[in-house]
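TrEMBL has this to say about the protein:
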DISULFID  C193-C210  disulfide bond
TRANSMEM  54-76  transmembrane segment
TRANSMEM  96-117  transmembrane segment
TRANSMEM  124-146  transmembrane segment
TRANSMEM  248-270  transmembrane segment
Amino acid sequence: MYIHTYIFQKRCIFSQHHNAKASFSTNLMFNGYSMTAVDQPSDIMFSFNFIRGILLLFNLLLWFAGLLIVLTGIWLQTDFENYLKISGGYSIYVPYLLLVAGGVLVFAASLACSCVVKVDPTMLVVYGGFLIGAMFTLILMSIYIYGYKDNVITGLQVGIERELKNYDSYKSIITRGSNTTLIDYVQNNLECCGSSSHLDWPKGSLPKSCCWDQGDNKDCTDYQLGRLHEVGCMPKLIRLINTNLTSIGVMLSVLALFPLFAMVFSYSLASATRRMGYQRIG
């Protein structure tokens, strides 16, 4: 009988020890699960806020990109216009295209800040669609600028010859508030004369814009060679136009990356919002 009692007590002790181990394991697993469950929303919120912050950054960059395009359009329409206008390939529409495209980007980026801050999934999807259109628009405008540059350079020879031939009749035309023709404007600012040299002008009719020291004379026909702009305007105009329009084309191509990345983060934020059932923030 004592033997049976001893065996029974041993079994009870073993059973209690086994139950304690099982309870400890269960508690450990439960606590680990609870920690994971608590940490998971925190990680999701961190990713959520990170995506929203990056999207706001790209939205700000897009706003500045639009402003830069607007300023470029204004510059093409003012300071740089006469260098282009002398060419037969000049188009009045290019500056306006830049102004419209840049203005739309600035306006859209300003409105988009609201839907990014409030995290409206529907508006984020719409904004992403707009960004796709903006990206392709900038790429197409970049290609168009390259083609426009070639047209302007091709038409320079014809344009300069026309200015030289009709100089006397153009003399009375007011160009941007000053009494100077396009050829005078180019020759004064680029310090050049004629198309390839001063010999392109008719004999005895060199204008004052071909002289280094213009003085009070009506022209510089009687000036010695050393006092004239000996270099022609054609090579200087080609270099100037090629450099500036190529820079604008490259700028538009680079700026097209901003809406591309902004579109990716816009769709990512909309997807994360719907997945979390997150409709509004703050």
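Here the Cβ of each residue, glycine as well, is placed from N, Cα and C on the backbone.
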Assigned element (helix, strand, coil) containing C210 (disulfide bond), judged by DSSP: helix
C193 (disulfide bond): secondary structure state under DSSP, collapsed to three categories: coil
